[in-house]
Structures are given as C-alpha cells and as structure tokens.
Ligand SMILES: *Cc1c(COP(=O)(O)O)cnc(C)c1O
C-alpha cells in the first residue's frame, strides 16, 4: 500500500538557496548603481535558484523592477502576487500578445509584427501596453538596426494603446572586458536615441547595462541597469576585477548512497570510461545529467566529501555519478557530499565547475532541473 504522498521522504539532493546572501548581493549592487532604476534579471528560473521566492526577495531588498525572458515566467510572477513592473527581455510570439497585455508585462519590441499584435491586444482589452524598443548594436540577436530605427518608429510609434516607455540595447562583448567594442556599441546606441528624438520619437528610460556594466561602468548606467548573474554571487567573467563583494547564493548537495570496493582494473560506469588503478573505493551519488549536473563533468571534476576534494570518475549517467573515495578515511554511506559550496575549509564554486567544463556560471546554475528540491534559508 503506498503511503499518502505528503508523507514521502524527500531526496537528499538539494539546492540550498541562501536568501541573506542574495539580499546582500542586491544591496551591494544597488549601492554601486546609485540613482538608476534597478531591474533585477531573474530569467531562466532565476538562473536556477527558483523564480518566485527569488522575485519576492528581490523586491523586498529594493529591486524596482524584474526581468524575465518568457511570458510564462512573467505570468507566474503575477499569479504569485508580484506587482512591480516586469519586463520580458526576449521576444514574444504574436499569439502571446493577449497574455502579455493581460498580465501587464512590459514587452521588448524588435519587429513591426510584434508591435502590431500587442497594440491590437491592448485595444481589445482596453488598456495601454508598456513597451521598450530594442536596438541591435552588435549582438545580432533581437533589435532593430540603428539605420532602420526612424522608419520603424514611423510605422509603429503611433500605434494605438502602446506606451513607448523605453529604449535599450544589450552589449555583445562587455563581459570579456572588450571596452573598444562596447564603447562603440554604446555610442551607436546613444546616437540612435538622439536621432530618434530629433524626429520626435521620445523614450523616457534608456538602458544598456547588465551585471558587468552595473559593476564597472557608472558612465553607462543611464536610467536603468539590468544585473542578472551578479545577484546570485558571481561576476560574469573570471578575469574581471573584484570591485564588489558578492556572495554565492546556491549550495548544491547530495549524499553518498552506495560504496563499492573494487579490485584493480575494474571498469566503472557506461562504456567503462574509468578503470581502477588499484583496489579502489568507488562511491555513487544520486544525481546525474538528468538533474542538469553536466555530463561533461565525466572523469573531469570534483566534489567534497568529509572536507576533502574527491574526483568524479567514469561517465555521468542520467541519475548517477561515480566518485573515487579511496583516500577518504572513515567514508561511509550517508555521508554528505557537496557539489557546489563549502565543506570544512574546502570550497567548490559554480565558477570551478564552469571552468572544468569550459562553460560559464550561468550554464552551470541555470541547468539545474526543477526536480532538485530548493530549500530557502535566511
Ligand atoms: C540576461 C540579460 C541581462 C542580465 O545579464 P547578466 O550578464 O546576467 O547580468 C540583462 N539584459 C538582458 C537583455 C538580458 O538578456
């Protein structure tokens, strides 16, 4: 007989989210940003941290606005009782226009088709939709080309029930400290705004900067900044100067569920991609690439057990990871294992994990699936 589901004992694989660290990051960034509007970017499930609790904490800590990338995320925040302005920073499909308007989400406009769809929905629902015009200055993702901006505004600026509150761009090379390219893009943006204003197209909020700009370039803050990854404790690039003290928000942990003592020359895991050198103690963790713990960490990364760094061995499976605990005295099933975070005096940061797999912190954190339980502590 199955027991009632509310008595299920939950998995010990958890992401512990430290809301006081998050709050401290918001305040530290807030301080650097000074007078500009502070839009906390919490897209992609708050970079894996859980969007609703993070949104609530961000607003409590003083974020003026929130940024997401999908209408679904915006709707979820509204349904959760969040009332601050919410920007959808990516583009929407035209059939999402009704939902966007209904939930009072602020759209990014990069096409005439989208502008018309939102205007039509706004007229139908008898309200105004707030929109921001996106300008492409070199990322070539979304955004109107600067030389087409005037024509574009002639076509869209006076569409009914649209309120053109803002204009913005998103830089392509700021995180790696390529200031020549970034300054060119900034000037192109400023020139485009000036040209539009000369033709009578005004936008009260001009904004360009994400985390790197929020931290390093006060001269580019303009009316609003949009930090994302820094809120979660990491500067976007490892080469950046430490101009601000940020605290990692997530600790990822599990427990050691099984240990087997294997003779030398035993093949471990799918494909036998690891072969024991000697008699070795190999342990199994109940987390795998199905949880978003990247397969590229196979034979290529570390975790912490009993305060020591332990190597990942073999190929990571959907639900399991092998580690080599041969040199850990006293190791036993049930021991806590830290995948991201500290244990004793040892630490593994999301940055370390990113470096091992040639990726960035965004991918490491945002990949962690919903089935990993989030626990919020303050
Ligand atoms: C993701 C994103 C941000 C935040 O970027 P970070 O580098 O994480 O601070 C800001 N603006 C836009 C348009 C984005 O897509």
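Every residue gets a Cβ built from N, Cα and C, even glycine.
Keep in mind that TrEMBL annotations are predicted by a computer and have not been checked by a curator.
Worth saying up front: this structure is predicted, and the values here are computed from it rather than measured.
The annotation active site, proton acceptor is assigned in TrEMBL to 43 (among others). When other Cβ atoms within 10 Å of the Cβ of residue 43 (active site, proton acceptor) are tallied across all protein chains shown, the result is 20.
Annotation source TrEMBL lists active site, proton acceptor at 270 (among others). Following the DSSP three-state reduction, the secondary structure of residue 270 (active site, proton acceptor) is helix.
As annotated by TrEMBL, substrate binding site applies to 141. Packing around residue 141 (substrate binding site) is summarised by its Cβ count: 12 other Cβ atoms lie within 10 angstroms of its Cβ, all protein chains included.
Positions annotated as domain 'Alanine racemase C-terminal' by TrEMBL: 249-377.
Under the three-state DSSP scheme, residue 43 (active site, proton acceptor) falls in the helix class. If you look up TrEMBL, you'll see 43 marked as N6-(pyridoxal phosphate)lysine.
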Intrachain C-beta neighbours of residue 270 (active site, proton acceptor), sequence separation six or more, cut-off 8 angstroms: 314, 315, 317
Alpha-carbon distance [residue 43 (active site, proton acceptor); residue 141 (substrate binding site)] in Å: 17
Per DSSP, three-state class assigned to residue 141 (substrate binding site): coil
Segment-level pLDDT (mean, integer) for the domain 'Alanine racemase C-terminal' (249-377): 97
The domain 'Alanine racemase C-terminal' (249-377) - residue tally per DSSP class, helix then strand then coil: 22 helix, 51 strand, 56 coil
